[in-house]
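Enquirer: So Swiss-Prot lists these for the protein:
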- Cys424: heme binding site (BINDING)
- Asn113: N-linked glycosylation site (CARBOHYD)
- Asn261: N-linked glycosylation site (CARBOHYD)
- Asn347: N-linked glycosylation site (CARBOHYD)
- 6-26: transmembrane segment (TRANSMEM)
Amino acid sequence: MMSAAICTLLAVIATTSLGLLFLSIIRRGKLPPGPPPKPIVGNLHQFPKVNRAQVFDQWHRTYGPIVGLRLGLKKLILVGSYQVARELLDRRGAIYSSRPRVVMAGEIANRGNHTALMPYGPKWKLHNRVHSALMNPTMVKRYQYLQDIESRQLVHDLLQGSTSDFGARIHRYSSSLLFALAYGRRLPTSDAFEIQENAHIAHQFINNLAAGRWLVDAFPVLNYLPTWLAPWKKIGEQLYQRKFGLLQRHTALALEKPVWNWTKHFHGPKKPAEASWEELLNIIGVLYEAGADTTTSALEAFVMAAVLHPDAVRRVQAEIDALVGGAARMPSFEDVQQLPFVDAFVNETMRWRPIAPEGVPHSLMKEDEYEGFTIPKNSIVIANQWHMAMDPATFTDPQAFRPERWLEDPKLPISAFGFGRRACPGRHIALNSMKIVMCRLLWAYDFDHAYENGRKVTIDPDNFVREGVLSKPAPFKAALRVRSPAHEKTIQSALRESEQDEDKILAHIAAGLA
């Protein structure tokens, strides 16, 4: 039988929950319009677990660009237009820059050290200061030297690729790039332990972040229960210990390296005084953990777009060939700046299939008013990037893949990296990766459907897998064929001529930072 203390605790939890529910009912205010709620549960019964983009899209069409929902004790605001997102999340960022409380993935499995989930405050500002120091445009320009080398290897690796392993080779590129910067070591093969282990940890993190997986996220007061009544605590602690052990291993090896890397950069005189050892490991680690998967997903979406839209590929190839002389040389970062259709292809890929359809939710730090509606304190605010990208009022024929729209109207909005103070800190390096990899792959390869037993393997452009806030193409097959023997020869010589010694590569980057 349960002890009197446990019974008392459960009674307190129940009473507190009912009290909070009562207060939320009597203090409703005038929320933005939305589907009619039911007593107590609000709109929980209507909130989609699958096909979320379609349901949200219908709500915006019915109720407008800002939709209000009640999810039990919580209020959720869906923002479906760039204008509203910029007003609330950008211009009013001082009060819209926090995050909803996430007990399992944030507080337990990461001990409050995951930057993306942190509430706005001194701790997040510390993380953001370090990330900005490493990812500002000046620093990122130095990283192009490494991106040049890694993308040469990717283009070369795909010469021997199959119709189904291009994703693994892309993942190697994005993982090796960030791992070399963070810890001073490149990852030459896609089966490297560091890549596989990080993928496992990232997968566990995303699973724990999924809405509805853990009751404690819906009712945080349950976290006051003792461990034997709260099995999620043990699970979360085991996940954290596995992750932190990996970070310690990476850090120890990085500090032994003779040359510059992010870890060494912030473990010397530049170490923030207020950052503990554990926190600093997490600050660096999250850049590798988050950046590898997001860049991979975006580039896989690019391959899908290239297979499905050969006319757009032929046009961009003609532009590249005219500048670099066909197969004479591989395009460079300097060339990318002179290739407007390449830039348009990148923008259209990010719009056509956004990898974070709803972004990472924001949380309101104090009550606000907008267009006569009340947005209560602690409301969850979701920037519905999918709806924004598919809004015919902004993008003519939004379902079509049309890179030329960005040449016809260069002022079209982009939201792929989020809004306001919580915009992706790695957006500059990610965009550089997108541009150089797409440009070089379009120069080097023709993209086609795979064929099996003489039959074309179809690709469903809507078959994407949701993992937490991320969306990536479900596994698909594609044939990447080198455009000519001359292209293949140039690809091979480009890799041969590039520096392969990681210490020399990082020393070159560091020399420009002095």
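Backbone N, Cα and C atoms are what each Cβ position is placed from, and that goes for glycine too.
I would like each feature placed in context: is it buried or exposed, what are its neighbours, and how far apart are things?
Expert: Cβ neighbours of Cys424 (heme binding site) (same chain, under 8 Å, six or more residues apart in sequence): Thr294, Phe417, Gly418, Ala430.
The number of other CB atoms found within 10 A of the CB of Asn113 (N-linked glycosylation site), across every protein chain shown, is 24.
Secondary structure from DSSP puts Asn261 (N-linked glycosylation site) in coil. Within 10 Å of the C-beta of Asn261 (N-linked glycosylation site) there are 24 other C-beta atoms, taking all protein chains into account.
In the three-state DSSP reading, Asn347 (N-linked glycosylation site) counts as helix. Over all protein chains present, the Cβ of Asn347 (N-linked glycosylation site) has 20 other Cβ atoms lying within 10 Å.
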Enquirer: By the DSSP assignment reduced to helix, strand and coil, which category contains Asn113 (N-linked glycosylation site)?
Expert: coil
Enquirer: In angstrom units, rounded to an integer, how far apart are the Cα atoms of Asn261 (N-linked glycosylation site) and Asn347 (N-linked glycosylation site)?
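Expert: Rounded to the nearest whole number, the Cα-Cα distance is 31 Å.
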